[in-house]
Each structure stands twice: as C-alpha cells, then as structure tokens.
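K.L.:
Copying in the features that TrEMBL gives for the protein in this structure:
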- 28-50: transmembrane segment (TRANSMEM)
- 43-294: domain 'G-protein coupled receptors family 1 profile' (DOMAIN)
- 62-89: transmembrane segment (TRANSMEM)
- 101-122: transmembrane segment (TRANSMEM)
- 142-165: transmembrane segment (TRANSMEM)
- 199-223: transmembrane segment (TRANSMEM)
- 244-267: transmembrane segment (TRANSMEM)
- 273-296: transmembrane segment (TRANSMEM)
C-alpha cells in the first residue's frame, strides 16, 4: 500500500499558464475563447453539411476539404479540456498522464493537418495538370487511402514521443508556458538530459512539416508552369483561382507555426504574453479561418450556404 502511494505521489502534476503574470485576468479569456471554439464548430460543421447535401460538391477537392474540417475540429477539441480547466474553472493543474495524452493528440492532429494540406496540393496539381483524368485518378478509394496514410503517418511518428517524455524525471515546479501541453514545453521542465527528445523532435519536424512544405512548394511550381502554358488568359486566371483557397489555408497553417517556433527558439527575451499569443494563434486561428476562407473564395460553397440560409428563412 505504501509503495502504491509513493508511486502515485512520484507522478508529477503540471501547472498550466493562462495569461502570464496576470492569473486574475484568466476569466476574461473565457468568453473570447468560447466564441472561437463555437466559430470553429459552426464553420467546419457548415462545410461538412454543405458538402454532404450538395451533389455538385461530391468531388475530390471537397472530400479533402471535409477531411481538413474534421482535422481542424479534432485539433481544437484536443486543446479544449485544458482551456476550460484554466480559463473557465480556474484549475491550472493537470495530471501527468492527462498532459501526455493531450500532447499526443495535439501533435498527431497537427501533423494530420499538414498531411491533408499536402494531399490538397496534389489534388490541385492533378486537376490542373490532367483535368480529363482528374476524377478517374482521385477516386473515392484513392482519397480514402490517402486519408488513412496521412493519419497513420502522424500516429506512427508521434507514437514514441509519450515514451520519450515518460522516461524523464521531473523535479518541479512543473509550470508549463502555455494553457495546453506540448512536447517541447514539457521537455524543458525535465531535470535530466533531453538530447534524445530534442533530436527526435527536430527530425520529426524536418521529415514531416518541413518535407510537406517543400513538396507543396514544388507542386505549386509545377502548377504555375502548367498554367503559364495555357493560351487563354481567362483560363489561366480560372485555373489559378481554384488554388487560392488552398494557398490561404497553407499560409494560415505554416505562418503561425513558423512564428511560434521562431519565438520559442529565439524569443527568450520577449514578453511571456507574446509567447502565449503566438502559441494560441497557431492552434486556434486556422480552424476558425479555414471555413471562412473557403466560404468566401469558393463560389459553389458560398452559393450553397446562401441557399441553405434562404431556405430556412422562407420556411420560417
């Protein structure tokens, strides 16, 4: 019995950070955060409903968009428990196992997001490079397999991370920099060498997010080369217009990620509030803005959403 109690007591408890230096202001963040989570659910839910209802949207591009919407919702829901705990209930403590679990899902869905954006770049490449065989190349079966490969890659890559964290001793105080758990944030609190964790994290970032970004860039170089070969100016603009939404989604994902990474690595002198803002922007902003971007930039989705709301008004 004593051994069990000692084992339980030895498991560290982490402390989440809301607004650095101003814990009394945490409740003020509850409303804007609740608004952002509501927008995420409504926006991505609307995209899923529109694609399901409208037969003309049953195309590969919109299936990938649905996968992106599901991933964005999952990523947001991964951060929700700790956000609720600290900002709504003023309970900053999170058990070690819960923190590791949250960390696992945040990193998995972050990598899935990157993989889906890469898949969407491939979709745009095929649609513009070989439009006559577009539907025959990206069949339902192929899209399903791509989705499974993207998810399996993320799980396999992140799977060792919880074990790398669990092998480290934590001497306390275990105060995290953010209001959710990340590998790099937990790792820095260990009172032992973290070279293996750092090296593995760097390799993962380079071979997944970094490689995905390079392939997306290369895809758009090939797309631009194909578009410039189109004789009609109107057709060139039409082809490029089909890529605008995806380009915006890529920028919304990678710019906050690069910003958060650069601040974490080189911004030690910056205010802790700046670190908090960039970390929250990285995880919370893309799921909110992606549905808005696709609704504004895509005429078919925008038209269907307008028809849905007009139909509800007429019935009312």
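These residue numbers are counts, starting from 1, taken along the chain as shown.
Glycine is treated like the rest: Cβ placed from N, Cα and C.
Automated prediction, rather than curation, is the source of TrEMBL annotations.
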K.L.:
When you scan the chain for residues with a C-beta under 8 Å from the transmembrane segment (273-296), skipping those not six or more beyond its ends, what do you find?
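P.N.:
Apart from its flanks, the transmembrane segment (273-296) reaches 17-21, 33, 36, 39-40, 43-44, 46-47, 65, 68-69, 72-73, 75-76, 79, 106, 110, 113, 177-180, 182, 245, 248-249, 252-253, 256-257, 259-260, 263-264, 267, 302, 305.
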K.L.:
Report, as numbers and ranges, which residues of the same chain sit near the transmembrane segment (28-50): CB under 8 Å and 6 or more residues beyond its ends.
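P.N.:
That would be 18-19, 57, 65-66, 69-70, 72-73, 76, 80, 83, 87-88, 284, 287-288, 290-292, 294-295, 301, 304-305, 308.
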K.L.:
Quickly jot the same-chain residues contacting the transmembrane segment (62-89) by Cβ under 8 Å, restricted to those at least six beyond its ends, or write none.
P.N.:
16-18, 26-27, 29-30, 33-34, 37, 40-41, 44-45, 47-48, 51, 98, 102, 105-106, 109-110, 112-113, 116-117, 119-120, 123, 140, 143, 147, 150, 179-181, 249, 283-284, 286-287, 290-291, 294, 301
K.L.:
Mean pLDDT, the domain 'G-protein coupled receptors family 1 profile' (43-294)?
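P.N.:
Over the domain 'G-protein coupled receptors family 1 profile' (43-294), the predicted model scores a mean pLDDT of 91.
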